[in-house]
Amino acid sequence: MAVTIKSPREIELMRKAGEILASVHEELAKALHPGMTTMDIDRLGEKLIRSHGCIPSFKNYNGYPGSICVSVNDEVVHGIPSRTRVLKEGDIVSLDAGVIYKGYHSDAARTWGIGQVSSEAEKLMEVTRQSFFEGIRFAKAGNHLNDISSAIQQYAEHFGYGVVRDLVGHGIGTHLHEDPEVPNFAMKRKGILLQPGMTLAIEPMINAGRPDVNWMDDGWTVVTDDHSLSAHYENTILITEGEPEILSLPAFGKE
Ligand code: MF3
Ligand code: CO
């Protein structure tokens with residue numbers, strides 16, 4: 001599939017999808033507390049998404065059973081919501097959510113601490129978030145995709161962290177996953193030339209330890225091989241003539 005350039009009309013719809021997703025994440029973050037189950041998060045997330053007239057993108061995607069991916073501690077991504085998985089103080093939890101608004105997708109992830117977490121966990125979450133922002137400094141027309149990918153890797157590895165290789169970001173639009181793939185690590189090739197109207201989901205997955213991951217027997221949950229903590233931070237962005245627009249963060253170009 002070719003990389004698509006979104007029309008002004010499509011960009012408007014993706015802005016709206018992003019704005020709704022940003023508010024869903026804000027509500028989820030406020031609701032987090034020790035004692036809640038990962039299924040509680042999924043139920044609330046799905047309710048919020050539908051209350052905005054959207055569809056949860058992940059539900060039934062390749063058979064994924066949830067609306068929100070909830071990944072705790074050494075789980076990297078794609079944790080399946082469970083009635084028996086109870087969050088406790090000190091856990092870190094990655095929430096990944098997607099919405100479809102009038103046929104257009106937005107995809108974003110955040111990692112939060114439950115109550116007080118270790119300073120190691122705090123640092124991992126902050127570096128993961130910052131690695132996204134280091135990457136999108138290069139998300140400009142005229143640059144190549146690999147400029148983003150290498151900037152993310154360089155930043156995260158500077159702290160001794162492991163950048164997950166087995167999963168990558170992606171183009172996004174009428175489909176959750178479109179071309180191109182967006183690695184969080186340097187490739188030998190430059191990758192595509194970035195052009196205004198491209199929409200990308202950039203999503204560093206960073207491990208406190210080594211980059212290696214495994215898939216659990218449920219077929220979905222990805223865990224770190226060395227059981228070190230892992231964090232995930234993702235936004236849907238738009239390449240413009242100037243600075244990138246972060247569609248899935250609040251107060252971005254909406255004043
Ligand atoms: N942000 C993840 C991704 O881009 C979400 C997909 S989870 C799935 O791949 F359940 F939909 F597969
Ligand atoms: Co994604």
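Going from the start of the chain as shown, residues are counted 1 onward.
Yeah, the Cβs are placed from backbone N, Cα and C, and that goes for glycine too.
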Listed by TrEMBL with Asp107, Glu234 as binding divalent metal cation 1, from among Asp96, Asp218, Asp225, is Asp96
Joining Asp107, Glu203, Glu234 at the divalent metal cation 2 site recorded in TrEMBL, out of His78, His144, His170, is His170
Checking the binding-site residues His78, His170, His177 against Asp96 (divalent metal cation 1 binding site) with a 10 Å Cα-Cα cut-off, in sequence order, leaves His78
Candidates His78, His177, Glu203 (binding-site residues) passing the 10 Å Cα cutoff around Glu234 (divalent metal cation 1 binding site) are Glu203
With the fewest other Cβ atoms within 10 Å, the residue among the binding-site residues His78, His170 is His170
